[in-house]
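Beneath this line is the structure, given in structure tokens, with notes to follow.
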Amino acid sequence: MALTRTRATHQDDRVAGVLLAAACGDALGVPYEFRPRLTQDQTPQMIGGGLGPYAPGEYSDDTQMAVCIAQALVDTEAVAIQDHHILNEIADSFLSWRTMGATDIGTQTAAVLDATQYDVATPWVAAAMLRASHSRWHTGRPSAGNGSLMRTAPVALYDLHDAHETADAARLVSELTHADPQAGDACVIWCEGIRHAVLHGDFKGVRKGVELLPEQRRDWWHTRLDEAESEDPHTFPNNGYVVTALQAAWSAITRTPVPVDDPANGTFAADHLRLALEAAVRAGNDTDTVAAIAGALLGARWGASAVPWHWQRAIHGWHEITARDLISLGVRISHQNLPDRHGWPLAKHHPRNADARTPYRVSHPHDDGVILGNLALADEDPAALDVDAVVSLCRVGSADFAQTPASDHLQIWLIDRPGANAHGHYTLDQAARAVHGLRQEGKRVLLHCAAGRSRTPTVAARYSGLLGIDPTTALTEICQALAPNRPFVNFELERFVFDLTGAPHPTPGERVWNARAPLNPW
């Protein structure tokens, strides 16, 4: 089936959400690992600590090992993960991480990696790791921990259009450290759940994943999923075991109600991602791993655009990986490391619109601590730009606004094309709340999109709404301030601004600002 432009855009959003949401679940669970279980009225926060101890927003070994796999997949030219070159890259990456970056490591994984440490960088390193893993299992030592399931998400993105190839790859990568068939089964099920969610935007792939297992084990796994769907996450306390870890994650996802989309009252279906991850952390015990497992599937279903702005800002970890890097890795895996026609996500500088190559800036009429502008401002001298934080509403290059600390550069997945935003109300609201949050910290903020004509004024108007200004006044005065830059507001984004306040939409005759469909969505 050929992809429509909108459908492809939604799929890229979901691809981008897989590693990002997994890492957010990891960092959200870190502070509570093996500590007294949170009650239903307690909300987990990315406060750091845990077994590291970790900094606030720092992810642990769950994401570190997923990054090992992801980087091996984008660095290879092999066609299939089963190729020994890719397996060797993954195995070498695990061993390098063990000696140079591991902040925590599971007993089972440590045993296998320690047994093969002298095979690093050899042509047989993956084969040696598989032998060590299988030897551990065949001699009766525990081999069904959750350590391969927690890192499996990148495998699901490598061949999105072949369920059987993905299943075979998931089992093989699992067996590098976890040879027990239950660990492999869990990775097959979860990878199919992720793969299907990216393509179709639902959770039906988890059950489909069971059908990829040997026939004699399918009923047993369907029963385990039935149990998860009927019991709360904390009823699976032994979640260091791969089966109960999967059950706890699946319970958190399926037993957390999807909110009704009611923008005027501040409820959004996309907020299911946040609520389900919080539920996963409340499972207790191995909280970071259960939430990382759940996060990968939730990100595949809801996308990067559903990840709360303050989580995206906080998330970071080994190799100085940030939210931007996690998004980039996911997209690069799914596109065989090929950039799009604009060079994204590999380009150092995103192309400037042909009619917006001159930097433009103006103060927000309702808050002079917010600067409204375009992407061309990235070409200005940082001292002349004079801002502490940047909220980007368009794609940017890796070197654009590089002078701004990563934690103060928010990149929001908002597209200037009707129908292209999977969660338009939520995403636009999150962008405005990012500006609001940064301003509450006393930061001077640049809010920009590609040309500064459509996304910028609509998010600026929603920010004005958070300050108590009605949307008609906000859009009118913001577009007047932007008049020299010729603002043209996307009708759909305009509608989101009004929907978020519950105000009636203006008729064409009531508008005193220009409105039209945009020319360039990026």
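We number each residue from 1, going along the chain as drawn.
Placement of Cβ uses the backbone N, Cα and C atoms for every residue, glycine included.
A TrEMBL annotation is a machine prediction, not a hand-curated record.
Listed in TrEMBL for this protein:
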BINDING   S60, D61, D62, D286, D288, T289  Mg(2+) binding site
DOMAIN    426-497  domain 'Tyrosine specific protein phosphatases'
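Where TrEMBL records a feature, it is marked here on the structure.
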residue : record              : Cβ contacts under 8 Å, 6 or more apart
S60     : Mg(2+) binding site : D26, A27, V30, G50, L51, G52, Y54, T103, D104, D288, G317
D61     : Mg(2+) binding site : A102, T103, D104, I105, G106
D62     : Mg(2+) binding site : A22, D26, M150, R151, D288, T289, A292
D286    : Mg(2+) binding site : E33, F34, N146, N239, G240, A245
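Same-chain neighbours of the Mg(2+) site beyond S60, D61, D62, D286, D288, T289, judged by a C-beta within 8 angstroms of the site's C-beta center, are, in sequence order, D26, G29, V30, E33, T63, D104, M150, T287, A292. Across the range of the domain 'Tyrosine specific protein phosphatases' (426-497), the DSSP-based residue counts are 48 helix, 6 strand, 18 coil. DSSP assigns S60 (Mg(2+) binding site) to coil in the three-state reduction, placing it in neither a helix nor a strand. Annotation note: D288 (Mg(2+) binding site) sits in a helical segment as assigned by DSSP.
Within the model, the domain 'Tyrosine specific protein phosphatases' (426-497) shows a mean pLDDT value of 97, rounded to a whole number.
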